[in-house]
Amino acid sequence: MLTALNRYWDYLRIERQMSPHTITNYQHQLDATIKILAQQDIHAWTQVTPSVVRFILAESKKQGLKEKSLALRLSALRRFLSFLVQQGELKVNPTTGISAPKQGKHLPKNMDGEQVQQLLANDSKEPIDIRDRAILELMYSSGLRLSELQGLDLNSINTRVREVRVIGKGNKERVVPFGRYASHAIQEWLKVRALFNPKDEALFVSQLGNRISHRAIQKRLETWGIRQGLNSHLNPHKLRHSFATHMLEASSDLRAVQELLGHSNLSTTQIYTHLNFQHLAEVYDQAHPRAKRKK
């Protein structure tokens, strides 16, 4: 089983050029799957049948996995078994026709304009704070994913024309604009970046000079949010969701927001129309003479 997996990781890394972060996620899911199979004395991929796949999902749910994680586990297994079919090691993919439990629609949480101002109202001159402010400004200004921001190099950014070249999901490249506040914050960071003794061309580096990790970015944002007095937990998703919601509220251009976010399907972007409708409903309730509630 492990031999086939090792060939699969090489395939994803070399031929598909998948990001290390995505590969790590798949590894985690398939490692957990192998443990479940071992409990059933299944030690070969040819022994995996549709009923075994359903058992994996049921056992994973019993272990506490939520709908989103179950979908990810099934997706990782489906992709791997498809690889084995392509390699001629399996005749059919046993996941065919099996769906993960439907996920409930959870609207992303976002910050309002006042909270964003509160978040970014910090002019500390400490080099690490200058770096973190640049990360915050760029994430909110461009709506980048955590993995996209972490993967930026010095040549990815152009502060003169205020554009950043991003490698998104599926190794797709897109160019995203950013605002003057983000441009200024990045220029300030570039002035002090050398103090961190950078070891490569990464735009954002740790205090050890290495490319800053996903986890470090998450921890720094969380710390920054607490320090700025935000009541809610700050994370990269919240910055991206806030960017999308505020752009949609201001422009109502769903297609443009789709391009900026790097969504391949418009349906993925449409969740923000629910948020936008909530905003419009509030405006309607406050403004329309036949909607105002009696006092």
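Note that Cβ sites are derived from N, Cα and C of the backbone, with glycine treated the same way.
Here's what Swiss-Prot has on this protein:
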type     : residues : note
DOMAIN   : 1-85     : domain 'Core-binding (CB)'
DOMAIN   : 106-285  : domain 'Tyr recombinase'
ACT_SITE : Arg145   : active site
ACT_SITE : Lys169   : active site
ACT_SITE : His237   : active site
ACT_SITE : Arg240   : active site
ACT_SITE : His263   : active site
ACT_SITE : Tyr272   : active site, O-(3'-phospho-DNA)-tyrosine intermediate
Among the active-site residues Arg145, Lys169, Arg240, His263, the one whose Cβ has the most other Cβ atoms within 10 Å is Arg240
Packing count at His237 (active site) (other Cβ atoms within 10 Å of its Cβ): 14
Summarise the model confidence on the domain 'Core-binding (CB)' (1-85) as a single mean pLDDT, whole number. 92
Can you name the active-site residues among His237, Arg240, His263 whose CA is within 10 A of the CA of Lys169 (active site)? His263
What are the DSSP helix/strand/coil residue counts across the domain 'Core-binding (CB)' (1-85)? 69 helix, 0 strand, 16 coil
Sorry to bug you, but what's the C-alpha spacing from Arg145 (active site) to His263 (active site), rounded to the closest Å? 11
Distance, Arg240 (active site) to Arg145 (active site) (CA atoms, angstrom): 7
